[in-house]
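J.: Feature table excerpt (TrEMBL):
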- A:81-100: transmembrane segment (TRANSMEM)
- A:112-130: transmembrane segment (TRANSMEM)
- A:142-165: transmembrane segment (TRANSMEM)
- A:185-211: transmembrane segment (TRANSMEM)
- A:255-356: domain 'HD' (DOMAIN)
- A:409-430: region 'Disordered' (REGION)
Amino acid sequence: MTALRLIHGAAALAAAGSLAGTLWTGLADRGVALAFAVLIAVGELTRWSGAGTRQAAPLATAGSLSYALLGADAGRPAQAGPAQVATVVLAATLLGALPHIWSGRTTTLDHLARRVLTVGFTAVCFQPLYDKGLFASWGGPLYALLLVALLGLTALCDAVLAAALAHCRAGWPFGPLLREELRGLLGIGSAVCATGAVMALAVAVVGLWALPVFCLPLLLTQLSERRYAAVRDTYRQTIASLARATEIAGYTPAGHARRVASLSLAVGRDLGLTEGELTVLEYAALMHDIGQLSLVDPVPAGATAGLPAAQQRRIALLGGAVVRQTGVAAAVAVMVERQADPYREQPVAARIVRAVNAYEEKTRDAGPEAPLRALEDLRLGTAGDYAPEVVESLARVLARPRARRVVAQVGDGGSGTSLSDPARRWVTHG
Amino acid sequence: MEAVPARAHGCVAAVALLALLCLLPLPTVRAPWWALGLLCALYAVCEHVVRRRFGGTFYPVLLAGAFLLPPPAAALVALPAALLSPVEHRPALPRRVWRAARPALAVWGAAEVNWALGGRDAVVASDFPYALLPAGAAVLAFCLVLTALDGGIRVLALGVPPRRAWHGLLSRSLAPVAVHGLAGLMMAVLWRSPYGPVAALLVLLPMWVSWWIFAQYHRERAAHQATIRALVQAVDIKDGYTRGHSERVGQASVMIARELGMDEDRVEVLRFAGILHDVGKLGVPTRLLRKDGPLTPEERRIIELHPEYGHEMVRGISFLGEARAAILHHHERLDGSGYPYGLVGAQIPECARVVAVADAFDAMTSTRSYRRARPVEAAVTELERCAGAQFDPRMVAALARALARWGCPRSSEGGSGGERQPTDTTDETPLRAPGRQPATGTRR
């Protein structure tokens, strides 16, 4: 939690300092400041806290970065110093975020801190050097490249900040989070940086007309991203429903697939899997029992962990065949197929599914001491069936306070709403 | 597509000739040759990657050329990419020529309009509100030329009637090309600014990312549709005699919905409702579904649980919306004697009433193990007899009207062919420029 305080404290200090500085000197270049403030506020208004988005308000971010990098306005040197940049960006962001704060939709504090720190960093790096005329001797193309390099540096810092904030909030390991943030830079992150640089350059050439014209590609990117996230969500819901087929057919108890999936996700996060691997893990965990649909006689209570190894293997193979038919990524089918292999031959996701499934089956409908006994059983099985590092990770995840674990699941975005809606105890037939 | 008619060859040759005519004054114009070469190379690279990775065409570079260069030089920008890129379908030569001549002509038209309105000087002087006007006119000219050529080749090569050949082509292409045009304008302005081509390249990055994400979106959507089809197939396999039933019910539901004048979103939801209406049969033992001979009351009770099973399964899929209610209530009857809840009249959701009629119609008109299919007229008469007591008369009348107009819905062999994707009717091309040349066949 100290890192969180540190980041927030630094952001508050920077904001207060720049506000004082701006009040002292007064606003320079009011027209330009107003134009950028409107752009940032509009971008913030259209922000969107959907599932799995890395950049919720790309327009606002690009606008604030380009304001920080603004050297000239239609050939006339721009007057804004770093203090003014940070103040204008902060005020516009707050203004645009008001409706969101009002309806309590987003965790605004982290977002504000990140915005202030990154924009402040960029402006402090750029404005004093520009004012000293350091870039005047450089040629045009070199100047453009310099802006890109500076934005790249800023993006790196922002990734570290974002990862640190997520680490403090959810308690997931820092390394994988940082890796994910860096990977996200390749996608919409690079579009945001490029737009920021291009807008700063274009305003220098043609003046403020450039702002509306240059927003358009980024708006389109945002739109695509939104639709992509939406269809990903729908897909996840469909998979979850498909997984429920075994429960409805009476092969497995209600909510089993959902519980295995959320616990597997928590273990996968703890072990530092990447976002792509986590998706495969989640789908595989949801569909791990689907092979039972092909059985003539249901396994008693759907508990496969207690069956002979050969039969477990057979059910896993049947499941892999079904998953292959559904057009889900082949990696998911492989995980489902290999969930019953000895752990030394298994990929990580299959190890996790196997251990978590066994834990879930052993603790179901058992007494209050069942979790401890189940973990003990798993530990005894680490010679052949269950991977020791997975079992230890499971123990760590289970030892966490329950609220923290739930945050970890809901933090995954849309899946939280679809997968964790409480399943009714379904009265199965026959 | 094997035999390309001679008329099409003639059309391609004529267009190629026109393009050559546009290029003819090339030796006399003064153009910045290094910029031309750079744009050509850039366009070739972009086209190559876009075509291979995403499908479609990437216009910003082309339009930037139209804003920067004199018309004959601008037309040249499109050529190397088309001549170098591989052609997937035979006959290769006319396709390649068409692919080169079509954008060349369009760019020439755009550049000519831009030049006449003084767009190039506006770009060089970065005279801003004014520069948007010639650029807008150029984009319009670009779209018009593309539309004219595309419609023409559809009439001549594919034999599409002229009235339908141009239908919607212009309105569909205008918005994406306008966006590409704005990007092209920015490229042109920055190209001529002190910051040079490096800054212009930066403009392409957001466009590029947007395309990349859009391509991912399409991939994910296709996977999603495959999953839904698999769900339906699982039911069809389990319930031996209903091969293709789900898909036909989906189509019949769509016919009724269109006839009732529902909006497109709702029609799509009804298509899914029809396709998934029996998904709950996954929860019913196969033995019962395939049983020959009469069912005991106990067995009947178990089979009648399938709407509730189905609803339980799709409950969490939010995009299905109303379709979930249709799945739960498609066995309700107007007089209240249906199941699972025995709802009466208007208590039954409208979409459930639609699916009920579509389901009954297909059940009567398809052959099952225990009886032959009935003719369509007999089925409609039977539906009309039961209208009021079992079915909603409005839906029955709508189905009868739709059948009279369009004929009977046919499934594509048990739903495994996959020619018709369930939601492919909606147009999903806000970003994708309409680069579907008829002569190159379809990619996706």
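Note: Cβ is positioned from N, Cα and C throughout, glycine not excepted.
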J.: Taking a Cβ cut-off under 8 Å, which residues six or more beyond the ends of the transmembrane segment (A:112-130) line up next to it in the same chain?
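T.: Beyond its ends, the transmembrane segment (A:112-130) has Cβ neighbours at 7-8, 10-12, 14-15, 18, 60-61, 64-65, 67-69, 71, 80-82, 85-86, 89-90, 93-94, 97, 147, 150-151, 153-154, 157-158, 161-162, 165.
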J.: What residues elsewhere in the chain lie close to the transmembrane segment (A:185-211), defined as a C-beta under 8 angstroms and at least 6 residues from its ends?
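T.: Non-local partners: 31-32, 35-36, 39, 54-55, 58, 61-63, 65-67, 69-75, 144, 147-148, 151-152, 154-156, 159, 217-218, 221-222, 225.
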J.: On average, what pLDDT score does this prediction assign to the domain 'HD' (A:255-356)?
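T.: Over the domain 'HD' (A:255-356), the predicted model scores a mean pLDDT of 84.
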J.: Please count the residues of the domain 'HD' (A:255-356) that DSSP assigns to helix (H, G, I), strand (E, B) and coil.
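T.: Summed over the domain 'HD' (A:255-356), the classes give 75 helix, 0 strand, 27 coil.
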